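TrEMBL has this to say about the protein:
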DOMAIN    85-317  domain 'Ion transport'
DOMAIN    452-709  domain 'Ion transport'
TRANSMEM  84-102  transmembrane segment
TRANSMEM  161-181  transmembrane segment
TRANSMEM  219-242  transmembrane segment
TRANSMEM  290-314  transmembrane segment
TRANSMEM  438-460  transmembrane segment
TRANSMEM  472-496  transmembrane segment
TRANSMEM  508-528  transmembrane segment
TRANSMEM  548-565  transmembrane segment
TRANSMEM  586-606  transmembrane segment
TRANSMEM  684-706  transmembrane segment
Amino acid sequence: MESEPLLTGSINYGSQANNNEGSPRTKRLSYSVYPERCCIEGDDEGLYLQQAVVFIEDAIQYRSINHRVDRSSIRLYRWYYSRIWQWGLGLTIAVVLMLAFIERPSSLSYTSDPRFRIPPWELPCGLTEGIEMVCLIVFAIDFATKSYLIGWEEFRKCLWLIFYIVVISASVIDWTLTLSMECDESLRVRRLIRPFFLLQNSSLMKKTLKCIKRTLPEIASVFLLLALHLCLFTMIGMLLFAKGEDPAHNGEWQSYFRDLPTSLSSLLVLLTTANNPDVMIPAYSVNRGYSIFFILFSGFGTYFLMNLLTAIIYNQFRGYLLMSIQASILRRRLGIRAAFEVLSCQGRDKDGSDLEKHLERVRVDATLQVMTKVQMKSYCRQAIIKKVQQFTDGYIQWVHFRRLFDELDKDPVKEHPPKPEYRSRTLQRLQVVFSHHYVTILGNAVALANVMCICTILMLDSEKSVGVRDDYYMEVINCFFTLYYLMEMILKIVAFGCRGYLSYRNNIFDGLLTVCLMVVQISIFATYSFPHPNWNPVSRGLLSLWEMVRLVNMLIVFRFLRIIPDIKLMALVASTLVDLVKNLRAFAGILLVVFYVFAVLGIWLFQGAITAPGKMSEITNSSMENITINFTMECGSYEQLGYWPNNFDDFASSLVLLYNIMVVNNWQVFMDAYSRYTTEWSKVYFVSWWLTSSVMWVNLFVALILENFIYKWDRSVTCPVEDVEWTGYESTVQLMFREHIQEPTEEELLSQLHQHPHLHLI
């Protein structure tokens, strides 16, 4: 679960940042030198340590420190950000979002095709409502806890929390109306606002949403140019392809330029290349010169304006995201500085006699106590503790204290266990041979040969049915290669030792699949005996012989992925994909929110709009001819292509339909169908979804992939191939932009601490 700061607004730098020119060094602000004002409620060492622990945890997670810091509030604060509560809150959000699948209209049917679909199973009234009320109670507790921890003054500044209580209240009111109407209402407003619970629980989603909002004005000019381009060519097209006297030459007018809405939609779809070259064929068949019109339109619009839009989105969004990450870095430095301040307060005498002595340093033993209580990655804690123990004089200056936490930005260096030492000369020679990198290369070559054998046999038997296949040769080949894989695994374990073998992720993947292959092979022998010519026994147990052989082949093909770490560029691409899954959850989360909102809107607008000609289960042979006669279908239409399962009749089918439109292949078919079955204004919905998903979000995702890949490529230039497999590149969003971030000054940090509503260090 992503940690979220209680306050996600931008942090203003202190006014001193602009007035420190000419100062020889960064100086400590004067308001922090009064010992009697260094005290915080409950002035004792235990409280100081707890406050330092919380501030460091805030720094690690880029959280705001503007929360209560008394003893009871700290306990509540740490409980709120504990793994149990955060996972519980995440589960609650998932449950309340998943309710859309089982609420009316229910998605609990085998198919979404209206020709085959039977009435879906619907839960009794009150069951989903009861689950939803439990979720709303959890959200209310979450809101109350956040509001208490930050205090009233900060609550009034936080729009997200204000909207949080508004959304909860609106959901409760709509929930009450649902029960009063016995779950028979046609419109559930709370469905549309449920994604807010997902947004408000993720700081990165809020940052991303804010960056997108700031990016919109910059890309509006390109959208305007795109609209002008579309309108201009629409006018020219309507003039070029006006209705003439010869009906044989009116094909273009009849199909694509009959009126203004049709002309606009035809060229808009051409902008996505979804109807190319269909849209130009009627005119092109009359005169080849008409192709110039379509080439100019798509060439300038698709290949220039759309790519320019991608560049602008990348540049502008990257700039705003960099600003947001700058604020996150400030939060980290501010948390570390706050921890230092409270620890330095702990080291001062009550009467202030030791003020100057302890002003800029903290005790080593107190720092060690704090680090043992902080929730953080174990390798970071060990590295920091090791550095702290190097200060033999008993105190740590601020400069060194700040540098301790540079370990948070470093990658973990994985050290492999030492190889076992053998006395036997034979085992020593085996260890030297099978610990060499060439053995891995040989294993990759054998895996490639295995895959090629499987491909050859599949090509030879592609026309044969399962009943006439002879699985003898396939099984003999599989047995041979499986025994080799087992031997390779055992010898590598001998060479590296069990712990050393498992310290390589590639070996874990390889060994797990080898064990699975052995289990399946033993199951085949136990069920169908050993292979022999014309081996085609009667099916026994859960799987037939052919199904078990297919399972073995799939495991072998999947095992071939072991070559990825040994090819540097391929390993880099694969690790980029893994990092995208881990670190770009915020962007995927906002895309999920957009999918959710548009799916709910689609159900409201188009549920049941398209009706099938008749359920196939009710059609008999005698009536099939009549249905064919009475129901004519235009070539390339929704009906002729059999797109019946793509509809807005339930939530699951709505998501699939929106995905198909986002891909833009044949998306004009859906737009045309719903405009025919409902109204021409339905095109506004589909064009809005195309702009949001395909134009805005896909371009943004491409830009972030580029940023992630460039970052990893730059870091891997000096990395040898054999190190790629175990080198951990922690390319978080913050680290991707780390080199472009400016460190905050001392004045900025102390100014922010001075503005803290609950921490009085003045």
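Each Cβ is built from the backbone N, Cα and C atoms, and glycine gets one as well.
A TrEMBL annotation is a machine prediction, not a hand-curated record.
Contact check: the transmembrane segment (548-565) against the transmembrane segment (586-606) gives fewer than three Cβ pairs closer than 8 Å, residues 6 or more apart, which falls short of the contact criterion. Across the domain 'Ion transport' (85-317), mean pLDDT in this model comes to 88. Tertiary proximity for the transmembrane segment (684-706) is limited to same-chain residues at least six positions away from its ends with a CB under 8 Å from its CB atoms, namely 212, 268, 272, 306, 309-310, 313-314, 317-318, 576, 580, 584, 587, 590-591, 594-595, 598, 601-602, 605, 658, 661-664, 667, 670-671, 674. The transmembrane segment (438-460) and the transmembrane segment (219-242) are not in contact, since fewer than 3 Cβ pairs between them lie under 8 Å (pairs 6 or more apart in sequence). Listed by sequence, the residues of this chain that lie at least six past the ends of the transmembrane segment (472-496) yet keep a Cβ under 8 A from its Cβ atoms are 416, 419-420, 427, 430-435, 439, 443, 446, 449-450, 453-454, 457, 503-504, 507, 510-511, 514, 517-518, 521, 524, 531-535, 549, 552-553, 556, 559.
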